[in-house]
Amino acid sequence: MIQQKLTGMERGWWVISLENLVWLPQGELPSGTARQWSLQGHMARPIGEWLGETVWLVCQKMASEMASPRMVASQSPKLFQLVGRGIQLAEFYRSHHHCGYCGHEMQHSQHEWACLCNHCHERYYPQIEPCVIVGIRRDDHILLAQHQHHRNGIHTVLAGFVEVGETLEETVHREVMEESGIKIRNLRYVASQPWPFPQSLMMGFLADYDSGEIQHDPVELISADWYHYDDLPLIPPSDTIARRLIEETVALCRNT
Ligand SMILES: [Zn+2]
């Protein structure tokens with residue numbers, strides 16, 4: 001957690017990040033000593049471990065080759081998770097120079113990922129936005145939708161943000177009703193995935209169709225429909241929780 005000034009001798013993986021981008025020279029996350037990458041004198045903090053070496057965060061922007069963390073996702077889900085942590089922390093520190101209550105300048109905590117106001121003693125933590133995502137099965141069909149925000153031909157499962165004062169289960173039922181007009185039942189939790197675009201935590205569920213006919217929300221979705229498990233359109237890449245939910249639903253469809 002402790003921020004330190006790099007001497008040049010420190011070794012590990014270097015997450016150099018600002019404004020939701022990460023430095024990927026030649027498309028790869030830099031590793032080796034701080035000196036190798038001319039990082040001596042910069043402030044850095046350890047944020048995890050990858051292949052037995054420290055992962056360091058340096059909150060700054062390089063002149064070129066700043067890229068989306070998405071590029072790391074195909075290399076390794078665990079590394080992608082650590083890079084995602086780095087870029088979210090870099091954004092957290094960048095947006096918390098001053099206290100939101102009293103306006104005084106803040107300090108970084110040396111014990112945890114937090115910013116402290118020494119004037120009014122308020123403490124700020126990185127914000128995480130919980131988001132549900134759900135694979136819905138109807139006999140041997142799965143519900144897939146195309147999103148207005150991602151016009152890339154990909155068909156995926158439904159998702160939405162948790163509202164204030166709502167349980168995860170309520171969010172799933174509400175989002176499914178709002179976006180597709182159907183009712184679901186037999187809702188069960190599967191797994192989660194931090195999703196640093198910019199600061200979501202995706203919580204994945206599976207559910208079964210209960211009743212109603214699909215009427216998609218044209219503001220959010222281009223289309224929504226039932227697809228036979230053997231004849232799926234273009235679906236999300238394998239490093240996403242969306243893909244996992246689709247694959248688990250397909251496995252259930254096969255067994256019906
Ligand atoms: Zn304050």
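Every residue gets a Cβ built from N, Cα and C, even glycine.
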Suppose a student reads TrEMBL and sees E175, E179 listed for divalent metal cation 3. Which of E122, E129, E213, E220 should they find annotated at that same site?
E220
Of A159, A242, A251, which does TrEMBL put in the divalent metal cation 1 site with E179, E220?
A159
TrEMBL annotation (motif 'Nudix box') - matching range among 94-115, 160-181:
160-181
Quick check: of R45, R70, R151, which does TrEMBL put in the same substrate site as E112, Y125, Q193, P194, W195, P196, F197, P198, Q199, S200, A242?
R70
When a 10 Å sphere is centred on the Cβ of E220 (divalent metal cation 1 binding site), how many other Cβ atoms does it contain?
18
Would you list, in sequence order, the binding-site residues among R70, C102, E175 whose CA lies within 10 Å of the CA of A159 (divalent metal cation 1 binding site)?
E175
Which of the binding-site residues C99, C102, C117, E179, E220 has its Cα closest in space to the Cα of P196 (substrate binding site)?
E220
May I ask for the distance between P194 (substrate binding site) and E175 (divalent metal cation 2 binding site), taken between their Cα atoms and rounded to an integer number of Å?
20
DSSP-derived class (H/G/I helix, E/B strand, else coil) of P194 (substrate binding site):
strand
Just the binding-site residues from C99, C102, A159, E179, E220 whose C-beta lies under 6 Å from any atom of ligand 1, please, or none if there are none.
C99, C102
